[in-house]
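A.B. asks: Attaching a single structure in structure tokens format; questions to follow.
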2 protein chains.
Amino acid sequence: MLETNGQRLWDSLMAMAEIGATANGGSSRLALTDEDAAGRSLFVQWAEAENLTISRDAIGNLFARRAGRDDVPPVVIGSHLDTQPKGGRFDGVLGVLAALEAVRTLNENEIETVAPIEIANWTNEEGARFTPAMLGSSVFTGAMTLDDGLAREDANGQSVAESLQATGEAGATPLARKYDAYFEAHIEQGPVLEDNDKTIGVVTGGQAIRWLDVRFTGKAGHAGTTPMPVRRDALFAASAAITAVEEYVAGIDGLLATVGEFHVAHGSRNTIAADVHFTLDLRHPEDDVVDRAIDTIRARFDERLPSRDVDYDLSLHWRSPALPFDETCVRHVRDAAQGLGYAWQDIISGAGHDAFHLAKHCPTAMVFIPCADGLSHHEAESIEPEHAKYAADVLLNAALARAGHV
Amino acid sequence: MLETNGQRLWDSLMAMAEIGATANGGSSRLALTDEDAAGRSLFVQWAEAENLTISRDAIGNLFARRAGRDDVPPVVIGSHLDTQPKGGRFDGVLGVLAALEAVRTLNENEIETVAPIEIANWTNEEGARFTPAMLGSSVFTGAMTLDDGLAREDANGQSVAESLQATGEAGATPLARKYDAYFEAHIEQGPVLEDNDKTIGVVTGGQAIRWLDVRFTGKAGHAGTTPMPVRRDALFAASAAITAVEEYVAGIDGLLATVGEFHVAHGSRNTIAADVHFTLDLRHPEDDVVDRAIDTIRARFDERLPSRDVDYDLSLHWRSPALPFDETCVRHVRDAAQGLGYAWQDIISGAGHDAFHLAKHCPTAMVFIPCADGLSHHEAESIEPEHAKYAADVLLNAALARAGHV
């Protein structure tokens, strides 16, 4: 199988990291700022050196196209160049520059493909400057209207439309153009590959996600004058409930539960808590498992709470269904990893990616590589240079298989 | 046994409640404000009508003395007239006006006592305007220096000294004068008497109190990409720890545990909590039991936490030793309740009272009556008029037994 040039890819990653470089070795290129524009400009310069055709759409998504033999929908490969305020050097960037490296390799090997191959850089994937995250791919695929996307404002009240105007990053390429397929390479942002000694994750899809709000209501009382048996302590009830959730989840393979926020209303050292609210994030590759988890959690609360004389309310804040990737595209990724002899495993994506929007638009798959200690959204984000090359190799061969070698 | 005039006491309570009356039936007389000064002034008017001698000390504690046959240290009865910002009509006020009612009853029965009987109204018991609570009795008994007490400032930067100047409530009566004994009547501020169908609580002392800070430190991680077995979730660890505390405490008679505050540093729905802090308030009538509880809690944490790879720190924020009241004074209260034929029980005071400072200065005891649903520090605080009379009756007979009927 064809292999990319690891040193050239690493040099490009390091050159891009210089734009918006932070004191602690990370990068800061918030979407549609001067730094992001400078990063895009460097990418365009590299892409033009490869004779790629540059275009932009109305939400600022940036494309670099390598013509195919036929004028058919392209096989698209890419990710995003924007970062968190104190982001790492690889989240998103790897996917765009691995795509560039794949095209460079096609060029130097003078390989013609049947379908065009196009690199995509999606606008505002991070959601750090404008909400929501994945805004560019959202508007491209129609999950969000263009007007809505353009109207989003940052914390200073500057809109996406104004920022596109200021950076000159908007263009006329139609939204929702037909794609043959989409492949995205990304760092895992979790510890699974590293823990399993694998260098390639063949991503089979995204998890089902449920965000729940849980509120316990008891009765306030004086910490010194209220005997334990008559208390209606909302915090003790909430703690026991969280422990019950933890115990249940531990018995279901692949089910994830996170209580990330916990608030006591009018909290005071010597007052029994009457009003406690916490968040619960539940995830699993299958919708059924998550929905059954919610039912079971409710049942356990119903079973255990009456003796406490504490009320609870469990409400769904956000539901994101499981999203399996296209089986053919996944197989292209798996075959590439296998053919190249890299240690691979199937993996579910825990985090969100532009690929999830694209998956509703065209056949899609992703490839992951490990990042040290699973750390991401952090200046210390770190990968092995060799793994970056593996990502580009797999991406190249999967895209080539899909686009067709003339 | 002598009985007081229940209607007269209730009328006085209702008249005092008019000063600083709140929309929802409570009272608002923050210490040394115009409202507090007006309340004190009404009390002085009533006391002077009974030929009592008014005096004040340097921290604004207000005294009304009924002479005895002998010029010996007085038997002091009282409490406080200041309230919470939205306080009830009985917390503190009952103790001062029951004392007044006791003296009125002595006067109308022309009873001479061997020792003088003196009513005390302690400055800033609530701690709502100036910290700490029980400031006046604290300075009187020497637990706090006068300079420290005078320098305390409210939220607007006005000091106790300035407020005493403005209200004219400071005087020259010496601090730390010798007392023969101190008796205080108060609402229970808890549900025990009501639940046990008792109308008088013979208070045998104050509980041992420990305020602890507990911090759990784990590791942050992405809610979607971090498998459960490798997580170091500080919040799950804290919840399990709190449940362990609750289970342990349930097995120890009279031990109280309250987690009133709970904070997740940088809490976010989809981030595993790395840093959780909660408070723990532990109380029991005996110091040994509370200290053993802390040791046991540490041992249980040490036993269970290693499997979670989460660190904890448990530190003592405040230690208040158990304070048994004087056995003779307690017996006077018990004998009065028994002699009057009221349904009584011994009880421990869960809340703090001026009587705890006085107990270090002279033989001391307290009498409790029920308050509806244990509710206090609330505009809806409520008692039965009949119970107010019982409080005054017991206070009167206990003080009389101590002071000696000529």
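Cβ atoms here come from the backbone N, Cα and C positions, even for glycine.
Where the annotation comes from TrEMBL, it is an automatic prediction and has not been curated.
Annotated Zn(2+) 1 binding site per TrEMBL: B:HIS80, B:ASP91, B:HIS186, in sequence order. Sequence annotations record features per position, and here TrEMBL assigns Zn(2+) 2 binding site to B:ASP91, B:GLU126, B:HIS377. Residues annotated as domain 'Peptidase M20 dimerisation' in TrEMBL: B:209-307.
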A.B. asks: Could you name the residues, excluding B:HIS80, B:ASP91, B:HIS186, of the same chain that surround the Zn(2+) 1 site, i.e. Cβ within 8 Å of the Cβ centre of those residues, in sequence order?
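C.D. replies: What remains near the Cβ centre is B:SER79, B:PHE90, B:GLY92, B:VAL93, B:LEU94, B:GLY95, B:GLU125, B:ILE187, B:HIS353.
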A.B. asks: What does the structure give for the C-alpha distance between B:HIS186 (Zn(2+) 1 binding site) and B:HIS377 (Zn(2+) 2 binding site)? Integer Å is fine.
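C.D. replies: So the alpha carbons of B:HIS186 (Zn(2+) 1 binding site) and B:HIS377 (Zn(2+) 2 binding site) sit roughly 13 Å from each other.
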A.B. asks: How many helix, strand and coil residues does the domain 'Peptidase M20 dimerisation' (B:209-307) contain under DSSP?
C.D. replies: 40 helix, 27 strand, 32 coil
A.B. asks: Compute the centroid of the Cβ atoms of B:ASP91, B:GLU126, B:HIS377, then list the same-chain residues not in that set whose Cβ lies within 8 Å of it, in sequence order, for the Zn(2+) 2 site.
C.D. replies: B:THR83, B:GLN84, B:GLY87, B:GLY88, B:GLY92, B:GLU125, B:ALA128, B:SER376
A.B. asks: Can you tell me whether DSSP puts B:HIS186 (Zn(2+) 1 binding site) in helix, strand or coil?
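C.D. replies: The three-state answer is strand.
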A.B. asks: Can you give the mean pLDDT for the domain 'Peptidase M20 dimerisation' (B:209-307), rounded to a whole number?
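C.D. replies: Taking every residue in the domain 'Peptidase M20 dimerisation' (B:209-307) and averaging pLDDT yields 95.
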A.B. asks: Roughly how many Å lie between the Cα atoms of B:GLU126 (Zn(2+) 2 binding site) and B:ASP91 (Zn(2+) 1 binding site), rounded to a whole value?
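C.D. replies: Approximately 9 Å lies between the Cα of B:GLU126 (Zn(2+) 2 binding site) and that of B:ASP91 (Zn(2+) 1 binding site).
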A.B. asks: Could you tell me the C-alpha distance between B:HIS80 (Zn(2+) 1 binding site) and B:HIS377 (Zn(2+) 2 binding site) in angstrom, no decimals?
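C.D. replies: Their Cα atoms are separated by 14 Å.
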A.B. asks: Could you tally the C-beta atoms, other than its own, that fall within 10 angstroms of the C-beta of B:HIS186 (Zn(2+) 1 binding site)?
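C.D. replies: Other Cβ atoms within 10 Å of B:HIS186 (Zn(2+) 1 binding site): 28.
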A.B. asks: Please name the residue among the binding-site residues B:ASP91, B:GLU126 whose C-beta has the most neighbouring C-beta atoms within 10 angstroms.
C.D. replies: B:ASP91
